[in-house]
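Copied over from Swiss-Prot, here are the features:
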| type | residues | note |
| --- | --- | --- |
| DISULFID | CYS7-CYS28 | disulfide bond |
| DISULFID | CYS13-CYS33 | disulfide bond |
| DISULFID | CYS17-CYS35 | disulfide bond |
| REGION | 26-33 | region 'Interaction with Ca(2+)-activated K(+) channels' |
| SITE | LYS27 | site 'Basic residue of the functional dyad' |
| SITE | TYR36 | site 'Aromatic residue of the functional dyad' |
Amino acid sequence: GLIDVRCYDSRQCWIACKKVTGSTQGKCQNKQCRCY
């Protein structure tokens, strides 16, 4: 789901998602990170 992390590209979300969900699957959507 969406996490409270601002982003400009999906790479910024990989680390953030790994911290939150343990998964590096994520993308930047509307300047906010979405983790899978």
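Just so you know, the numbers here start at 1 and follow the chain as drawn.
A Cβ is built for glycine as well, from the same backbone N, Cα and C atoms used for every other residue.
Close to TYR36 (site 'Aromatic residue of the functional dyad'), meaning Cα to Cα within 10 A, are the following recorded positions out of CYS7, LYS27, CYS28: LYS27. Long-range Cβ proximity for CYS17 (disulfide bond), meaning a same-chain Cβ under 8 A and a gap of 6 or more residues, is found for ILE3, SER23, THR24, GLN25, GLY26, CYS33, CYS35, TYR36. Other Cβ atoms within 10 Å of the Cβ of CYS28 (disulfide bond), summed over all protein chains shown, number 17.
Note: the region 'Interaction with Ca(2+)-activated K(+) channels' (26-33) comprises 0 helix, 6 strand, 2 coil (DSSP; helix = H, G, I, strand = E, B). Confidence annotation: the region 'Interaction with Ca(2+)-activated K(+) channels' (26-33) carries a mean pLDDT of 97 in the model. Taken residue by residue with DSSP, CYS35 (disulfide bond) is part of a strand. Rounded to the nearest whole angstrom, the C-alpha distance between CYS13 (disulfide bond) and CYS28 (disulfide bond) is 7.
In this structure, CYS7 (disulfide bond) belongs to neither helix nor strand by DSSP; it is coil.
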